[in-house]
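The feature substrate binding site is assigned by Swiss-Prot to 8, 9, 10, 11, 12, 13, 71, 153, 154, 155, 156, 176, 181, 182. Annotated active site, proton acceptor per Swiss-Prot: 70, in sequence order. The Mg(2+) binding site annotation in Swiss-Prot covers 70.
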């Protein structure tokens, strides 16, 4: 395999995948390189289902191997919300500040020990003529009572990591990249890559 498409227009995500595949001599492209790539409605009820929907739709259209990810925040005290609706939790315009404000309102009065949460990442690999493979990983923490830190994006300012005494937004980028849900999923993908390209698709 000489080329793989990452089903995203997010340059940061593309860089993460490019670092992984550089050692394999695989060129990484994104949807920015393919203006005719389909927009896929994320109608799945799980992160894995949405990742598969996006990967398979793009792979069919582009006739190339495609990796798609779907990720979000799962909060136990909210019955798993925001879940697959994480990006648009407060509305359709993907506003991080409003999403965080809504989350904190819903957790108002909930004690810290009950604010357990995890970031979840699912990566789907769709290769024409082969079974779609999925790898998944999580990063566990708590929801802080107020935002802290300037780094990261999304819910990072309120995702507290007790073992580090910091929110995800307070971590240096290299520190976050060692422990984040996407970093863990990328590690799994790397470990299983030969099996995946050999056609033995599996879900974890």
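Glycine residues also receive a Cβ, built from the backbone N, Cα and C atoms like all the rest.
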* Secondary structure at residue 10 (substrate binding site) (DSSP, helix/strand/coil)? -> coil
* Look at the binding-site residues 8, 10, 71 and tell me which residue has the greatest number of other C-beta atoms within 10 angstroms of its C-beta. => 71
* Count of other CB atoms lying within 10 Å of the CB belonging to residue 154 (substrate binding site) -> 19
* Starting from each candidate's C-beta and looking 10 angstroms out, tell me which of the recorded positions 70, 156 has the most other C-beta atoms. => 70
* **For residue 181 (substrate binding site), the number of other Cβ atoms found within 10 Å of its own Cβ** => 23
* Looking only at 8, 9, 10, 11, 12, 13, 71, 153, 154, 155, 156, 176, 181, 182, the residues listed as binding substrate, what is the longest Cα to Cα distance in Å? -> 21
* Could you say whether, by DSSP, residue 181 (substrate binding site) belongs to a helix, a strand or a coil region? => helix
* residue 70 (active site, proton acceptor) versus residue 10 (substrate binding site) - Cα distance in angstrom -> 13
* Starting from the Cβ of residue 12 (substrate binding site), draw a 10 Å sphere and report how many other Cβ atoms land inside it. => 10
* Could you state the whole-number distance in Å separating the C-alpha atoms of residue 8 (substrate binding site) and residue 70 (active site, proton acceptor)? => 10
* Structure fact -> residue 70 (active site, proton acceptor) sits from residue 12 (substrate binding site) (Cα to Cα, rounded, in Å) at a distance of 15
